[in-house]
Amino acid sequence: MNKVTLRVKVAQYSEIEPRIGQTIQVMDRKIALFKVTNGKVYAIDNRSPHPKGGVLSEGLVSGEYVFCPVYDWKISLVDGKVQAPDEGQVKTYKVEIEGDDIFVVLE
Amino acid sequence: MSKKRLVMIGNGMAGIRTIEEILKLGPEMFEITIFGSEPHPNYNRIQLSTVLQGDAEVSDIILNDWNWYEENKITLYTGETIVKVDTKNQRVISNEGRITPYDELIFATGSSSLMLPLPGVDKKGVTGFRDIQDTETMMEAARQYKKAVVIGGGLLGLEAARGLLNLGMKVDVVHLVGHLMERQLDPIAGEMLKQELENQGMNFLLEKKTTEIFGDERVRGLRFTDGTEVEADLVVMAIGIVPNALLASESGVRVNRGIVVNDLMQTSIPHVYAVGECAEHREVTYGLVAPLYEQAKVLAEKVCHRKVLPYEGSVTGAQLKVAGVDLFSAGEITEDATSTVIRFHNEYAGVYKKVILRDNQIVGIVMYGDTKESTRLFRLMTLKEDISNLTDMELLQPIGAEGTHSINDMPDDEMVCGCNGVSKGDIVSAIHEHSLHSVEEVKGCTNAGRSCGRCKPIIADILEHTLGEEFDSSEQKVAMCGCTPLSHDEVVDEIKEKGLTTIKETMNVLAWQNEEGCTKCRPALNYYLGMVHPEYKDDRNSRLVNEKMHANIQKDGTYSVVPRMYGGVTTAQDLIRIGQVAEKYHIPLVKMTGGQRIALMGVKKEDLTAVWKELDMPSGYAYGKTLRTVKTCVGSTFCRFGTQDSMGLGQELERMFERLDTPHKVKMSVSACPRNCSESGIKDVGVVGIDGGWEIYVGGNGGTDLRAGDLLYTVKTKEELLEITRAFLQYYRETGHYLERTSKWVERFGLDHIKEVLENEAKRVELNARLSRTLERYEEPWSKILEDDTAQNNYYGKREVLTT
Ligand code: SRM
Ligand SMILES: Cc1cc2nc3c(=O)[nH]c(=O)nc-3n(C[C@H](O)[C@H](O)[C@H](O)COP(=O)(O)OP(=O)(O)OC[C@H]3O[C@@H](n4cnc5c(N)ncnc54)[C@H](O)[C@@H]3O)c2cc1C
Ligand code: SF4
Ligand code: FES
C-alpha cells in the first residue's frame, strides 16, 4: 500500500483569532482549524462523531477542547477523543507552523 | 394643621434607623431635615472593614440611597456640618450659615476615632478608621506604600490590619496590653487569636507604648517608650472612639462622656433628643449597632407620641469580622471570687469556650474557634435564665445531635440577627405573611442581615426549615455547572459584590475549575455580566453557535435566516425581496414560522452575509435568548370584535424590546379581544385588549411544559402597560437564572411577590430606568457584521485550498 502525504498551507497564523473555529476545505476534505488561547493550533475533521453528524467549526472553544455546537459533546482538540459520558473520536491532523504560515498534513 | 419640623444632626446608622422607625409610625407627621458632615447618603459603617478588605465597593454598602430621601420627602444636606444649636429659639445653624428652625431636634452625631495626642499625629499618612474617607485614605496609601502600622489590637484595629494585608501591605499591630482584644477576650482566647492572625501574616508588637510619630511631611515611623522604633508609611490609629458631644455641650445640653439621655432618649433640654453612639444612657455609651437600634425604636415611639417601652440599656456581644476567625464574647470575660466557670479547651482543634456563671445565671461568654452555641448562650444570658438544671456539657454543646443546632429546637424568641434585634419568630412570620423565598427578601422585610451580615446563614436555615417542601434547595444549592460549586445566584452576587467585569476575571476570582469554562457557564456568565453592567462588552465567543452566528444552525451545517416582521405585519416590497433572495441563493425552503414571519431555511454559511445584505431587513433573532416575536391579531383595525389596536401595540413592543438579552427567550403577543387569536394565554407576556383597557398575562408557555399565563394586571392606558411590562421584564432579567423561562421563574418567585415588587413605585421606576440604560447598548447585528470585514472573515469565511 502506498500512503500519500499531503502538506498544505491553509491559513496565516496572524490572521486567525483564538477561539473562533475556521472552516477549511481541501478538495473534498472538510477540516475545522482552531487556534486556542495558549496560541497552539489544532486541526480536526469538521464533522461531529455524533451519529447525526453536524459541523464542529462553530463550537465553543474552552482550553484545548471544543464543544460540538449541535449536540454539545465535548471533544479534545489534541487527540480528537470525545469526553465521557459520550464516546467517539474525531480524526485529527498534524499542524505545522512555519513563520506565519500554518500547514496541515493530510495522509 | 401644619406638620411639625423635625431636624436631625448626623446622617449615620442610628439616626437614619430612627427616621425609618418614625416613618413607619407616622409617615406624614413631620417635615424632616437631616444634616450630615459626610458627603454620602447613609451607609453601613460596619462594612467599611469589608470594603477595606476588598470584598465590597462603597456603592455596595449604601443603606439608604439618594432616592430614599427623596421618596420620603426628607430634606438632606450632606457635606454640611451643624456648628451651633440655639435651643432657646429652637434652631440650628450650619457651617454654610444655613439657619433651620425645629420643633423637635435629634442629635445623632455618632463618634470619632480617638487620636492619641502624640507628637507627629498630624503628619500625612496618619489616620483613624471611622468613615469612607479614612478607608479611601488607607486604600490609596496601599497603592503607593508598603508598610503599615496599626495602633490598637482591638476589634477595629484588627479589622483594619486584615484589610491592609489584603491590600498587599506589610502590617504591624502595636498594642499596649499583653494580649489582643483584652476587652472581649481572656488571655487564652487572645493568644489563640494572635496565633491565627500571625499565620495570616500579621506581626504583633505587644506591650508597646508609642511616644512619637516621626517623619517629614509624611510619616516614616513610630518610636516607643522603650526606645525602639518601627518603620511606617501609614499609621492607623484604632484605640477607641469618642462620642461627638462637643456641639451639644456648647449648646447647653448636659454632657458627661456622651450626651446624657434618660430612658426616653430625652436630653436635659426639652424637644432635644440624642440617639446612637453620641448618647450616654445610664452612664453607658455603646459602640455597636444593636443597642443603638433599640434606642432608635424607643425614640421614634416617643416623638410620634406612641406608647413607649422605655429603654433600659442593653447587653452586647462582640464578634470580629476577619475571615478565618470565629469568636464571640459577651458580658464578663474574667472570673472572680463570686463567679464560677465552665471551660472547654481543645488545643488540637483550636476551640475554646468559657461560660462564667453567678447565682445560676450566665454573666459572661468567651468563645473561640466554634461559636455555634453563641446565640443560644447569649439568649440565656440576656434573659437571665436559671441554668441550674443544665449540665456543663449541655451548656457548651447543643442539646441533641452534636454540632448541629437544629432550627426546630430554636425557641421563637431566640435572637437571630443581633444587630437588628430580629428573632426567629419575627423571621418565620415574615416568611409566611409575605411569602418570602430568599435571604435577600427576608432582609428587605425584617432588616435581619442588614448590618454585619453574620446572621445570614441562620436566616437561610430558617427559610429552608419554614418553607419545607416549598423551599427549592436546588435553586439555592445546585452548582451552575461542573466548573464551579457556586449556584447561579451566588455567582451573580459575587459579580456584584466584587465588581467583576469580564468572564476571565470572574473565573479567576471565583476559582473556576476549568480555566475557560464550558457551554453551561460561559454563556451564563456572559449574560449575567451584561445584566449587571449595562456597559459590558459582549463576548461573542462565549455565546453558543446560533447567537454567535446570528443565524440558526441546522443539522446539515446550513443555517436558517429569519428577518423581523414587526408584529407579524409585512409589506409587498419585503415579500418581493424575500422571494428574490430565495431564488438567487437557491434557498431550499421558505416557510411561515409559528411566530408569524418567514424563515429562509438551508442557507449556506458562506452565503449568510450576502443574504442579509440583499434582504436589507433587521435580524428577527429567531435564535436568541431575547425577545423572539410579538404575535398580533388584526384587532380593531379590521376585526368586528376588536377593542384595541393590537397590531400597533405589538409592533411597538417588538421595536422596544428587540435584541434585549434575557435569561431565556421571551415571546409576546397582543390580541384585541378575549377571543385571543394570537394566543396571549401561552406567552411570556401576553396582552389581551378589553373594553377600555388591557389585561397583561405573564409566565405562559406553549413549549415543552405547557403553562397558561397568570393575569398580572389589568391596566387602563398603554403608558401603564408599557411601564409594567418593562418593569416585569427587567425584574426577570435581574433575578431569572440563565435558561429559565418566565414560566419557571414566575413559579419560583410566586406571582404575589412579583406583583409586590411591581406595585412599589420606587422599584418600578428604578427597574424601568435600568432597562432603558441597557436598551441603549444594542445595535442591529446583521448590518453591523456587514460593516465589519474582520468579523466576516472570522466567522463566515470558508477557506478553500486547491491542490494539484
Ligand atoms: C422556526 C420555528 C418553527 C417553525 O417552523 O415555525 C422554530 C424553530 C425552532 N425552535 Fe421553536 N420554533 C418556532 C416556534 C416555536 C413556538 C411557537 C411560538 O413561538 O409561538 C414554540 C412554543 C411556544 C413557546 O416557546 O412558549 C417553540 C418552542 C421551542 C422550544 C421549547 C421551549 C420551552 O420553553 O419549552 C425549543 C427548545 C429551546 O428553546 O430550548 C425550541 C427550539 C427551536 C429551534 C431553535 C431548535 C434549535 O435549537 O435548533 C428550532 C430551529 C429550527 C431551525 O432550523 O431554524 N422551540 N418554538 C418557529 C420560529 C418562530 C419565530 O418566528 O421566531
Ligand atoms: C470599621 C468599623 C467596623 C465596625 N464594625 C461593627 C460591627 O461589626 N458591629 C457593630 O455592631 N458595630 C460596628 N461598628 C460600629 C457602628 O458602625 C457604629 O456603632 C454605628 O455606625 C453608630 O451609628 P451612629 O449613627 O451613632 O453614628 P455614625 O454612623 O457615626 O453617624 C454619625 C454621623 O453624624 C455626622 N455628624 C457628626 N457631627 C455632625 C454635625 N455637627 N453636623 C452634621 N453631621 C454630623 C458624622 O459625620 C456621621 O456621618 C463598626 C464601626 C467601624 C468604624
Ligand atoms: S382576538 Fe379578537 S380582535 Fe383579534 S382577531 Fe381574534 S376575534 Fe378579532
Ligand atoms: S447579626 Fe449583624 S446583620 Fe444580623
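Positions of Cβ are set from backbone N, Cα and C atoms, glycine also.
TrEMBL: automatically predicted annotations, no manual curation.
As written in TrEMBL, here are the features:
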- B:CYS633, B:CYS639, B:CYS673, B:CYS677: [4Fe-4S] cluster binding site (BINDING)
- B:CYS677: siroheme binding site (BINDING)
- B:415-464: domain 'BFD-like [2Fe-2S]-binding' (DOMAIN)
- B:480-529: domain 'BFD-like [2Fe-2S]-binding' (DOMAIN)
- B:554-616: domain 'Nitrite/Sulfite reductase ferredoxin-like' (DOMAIN)
- B:624-763: domain 'Nitrite/sulphite reductase 4Fe-4S' (DOMAIN)
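Most Cβ pairs under 8 Å with the domain 'BFD-like [2Fe-2S]-binding' (B:480-529) belong to B:624-763, among the candidate stretches B:415-464, B:554-616, B:624-763. Residue counts of the domain 'BFD-like [2Fe-2S]-binding' (B:480-529) by helix, strand and coil are 26 helix, 2 strand, 22 coil (DSSP-based).
Sequence-distant contacts (6 or more apart, same chain, Cβ under 8 Å) of B:CYS673 ([4Fe-4S] cluster binding site) comprise B:GLY635, B:CYS639, B:PHE641, B:GLY642, B:THR643, B:GLN644, B:VAL688, B:GLY689, B:ILE690. Secondary structure counts, DSSP: the domain 'Nitrite/Sulfite reductase ferredoxin-like' (B:554-616) has 27 helix, 14 strand, 22 coil. Taking H, G and I as helix, E and B as strand and the rest as coil, DSSP gives the domain 'BFD-like [2Fe-2S]-binding' (B:415-464) the counts 27 helix, 5 strand, 18 coil. Highest Cβ count within 10 Å among the binding-site residues B:CYS633, B:CYS639, B:CYS677: B:CYS633. For the recorded site, B:CYS677 ([4Fe-4S] cluster binding site), the DSSP three-state label reads coil. Excluding the listed site residues B:CYS633, B:CYS639, B:CYS673, B:CYS677, the same chain places B:VAL634, B:GLY635, B:PHE641, B:GLY642, B:SER646, B:SER671, B:ALA672, B:ARG675, B:ASN676, B:SER678 with Cβ atoms within 8 Å of the centre of the [4Fe-4S] cluster site Cβ atoms.
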